[in-house]
Amino acid sequence: MAVLETFYDVMRRQGITRRSFVKYCSLTAAALGLGPEFVPQIAHAMETKPRTPVLWLHGLECTCCSESFIRAAHPLVKDVILSMISLDYDDTLMASAGHQAEAILDEVMEKYHGNYILAVEGNPPLNEDGMYCIIGGKPFVEQLKRVASGAKAIISWGSCASYGCVQAARPNPTQATPVHKVILDKPIIKVPGCPPIAEVMTGVITYMQTFDRLPELDRQGRPKMFYSQRIHDKCYRRPHFDAGQYVEAFDDEGARKGYCLYKVGCKGPTTYNACSTVRWNDGVSFPIQSGHGCIGCSEDGFWDKGSWYARLQDVSGFGIEASADKVGLVAAGAVGAGLAAHAAISALSRVRYKGDDAQ
Amino acid sequence: MSAPDSAILTDGDLKGTNLDGLKARPLRARRLTTVYVYEAPVRLWHWMTAASIVVLAVTGYLIGSPPPSLSGEASSHFQMGWIRYLHFAAAWIFAVGFGGRVAWAFMGNVYARELFFIPFWKLEYWKELLDEVLVYAFVKKHAKTVVGHNALARTALFFCFTLTGLFMIVTGFALYSDGTGIDSWEGRVFGWVMPWLGGNLSTHFLHHWGMWVIILFVMIHVYTVSREDIMSRQSLISAMTNGYRTFRDDRPD
């Protein structure tokens, strides 16, 4: 391969007009929260930069990230992203299989050493030397470490790769471990969510492609442009929260009127993601809009934080499951009773001692 | 009374008073020793903090378990808005007060420092602690007189108020940064807290537990202070209102 194709070449080859291409650039700029002055910059990058090879590995996962990704809302985005990133290895999407597929992996790793992006969907289980996830006859953790060694950067797709998700939920028998705890020497971008929003995934890739650098990350390694605000902050039901109007049960008047889902356990106030702005399926809806609270799928350990239908975690270990408030009230009652008894004994002993003192 | 004679007024003590010239002994009046313990800033802080804790606990509980849903237009209510506003306003008073109180520990008298550490390595502390526990277990009748806090009070204050209060301030500001944004100063200064405590929801949870620790502490605090004021050898409630602690006897311990 003498000259690598640019995105623009690929797009034109696929019959996309120049006009559509420019539209795509403006849309992407808008999706990334950039001003119109960045549109030419994106177009320029697309026209001149060679496509970056992306190797997409799958560990312990359910493929919901891939399912989300291939549904990137705008048809143009879907077409373009899939061709533009030069997705050289993705065992669920690629035509080849078996030894052929593995051969491509080795070829890309060698040819573009230090220049390819590693996208990881799912995570490696470390227990029993990684035997709970075998890819091509070897533990996934070995493949991950091998491919990561030559990567420019790593994208952790979804909550599995970012935090561990359901396979890492207590008691985590396979010791499923998020990517950043296995690969310590590479820049890692976490794109959590179960799955992440399609436009967030394509947006992250486009940003890296366009500006040749990682997007600005927050303290936990998530791209700030999509994860710096909570669902709650931009939720269209927020006015009902501030007013004090809640759904008390899923079949009540409040539910029909679209009140706030806080009391039925919505995790919007504790979840950083872009669902309430970007939404899903071409902006059609998102969980809260369809009447169910957010389950907080893009937060660390969301499987282990208690019920999806209660705001307060239950407390186990008191014989029965009880909310913090129940335990607190019982404790307050016990302390109150104890103090009353103590006061009574104090009073009695004082009466007794009075006799001694009065001598 | 078993108090030594030195506490009984002498004829000389009456000189210059309206009782000048009377015999002191038949009056059976006693002289009490009084020490100025809690300076004005400490007292002001105490009552401000007490009031803010009441507001914080009530509004905090309501944030966790909101009152029944209101009907009508959303635009005509701001119930949760006000609950949260009061919570944040009271939290600022509590936090700024706490900061001021830390500053006063350096500027004030020796008793102003008792809240912030326990003399772990002093044998005397452990002896006094045991003494107080025995008094509260009705084994001993009286403990030593203390000018500042007794060892048991100091221990409870240090763990249940100072450390818990600090925890509430730190987790509180971390949670507050949810609203002010991760790039606000709260987000920058306290952004480490939530990942450290296992996430956003866990931080809410622990903040909620902190409330219950402080509620239990306040219950015990009010009881013991009232009890000590009546039964111990020194006054407590007046010490936190006018600053003067009165000793009911001058017996050596």
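Glycine is treated like the rest: Cβ placed from N, Cα and C.
Predicted automatically and left uncurated, TrEMBL annotations should be read as such.
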Of the candidates A:Cys25, A:Cys194, the one that TrEMBL places in the [4Fe-4S] cluster 1 site of A:Cys62, A:Cys65, A:Cys160: A:Cys194
A:Cys62 ([4Fe-4S] cluster 1 binding site) and A:Cys275 ([3Fe-4S] cluster binding site), distance between Cα atoms, whole Å: 21
Local backbone state of A:Cys260 ([4Fe-4S] cluster 2 binding site), from DSSP in three classes: strand
Secondary structure content of the domain 'Cytochrome-c3 hydrogenase C-terminal' (A:227-307), with strand meaning DSSP E or B: 32 helix, 6 strand, 43 coil
DSSP three-state assignment for A:Cys194 ([4Fe-4S] cluster 1 binding site): coil
Distance, A:Cys160 ([4Fe-4S] cluster 1 binding site) to A:Cys266 ([4Fe-4S] cluster 2 binding site) (CA atoms, angstrom): 21
Pairwise Cα distance for A:Cys297 ([3Fe-4S] cluster binding site)/A:His232 ([4Fe-4S] cluster 2 binding site) [Å, integer]: 14
Helix-strand-coil residue split for the domain 'NADH:ubiquinone oxidoreductase-like 20kDa subunit' (A:62-207), DSSP-based: 66 helix, 28 strand, 52 coil
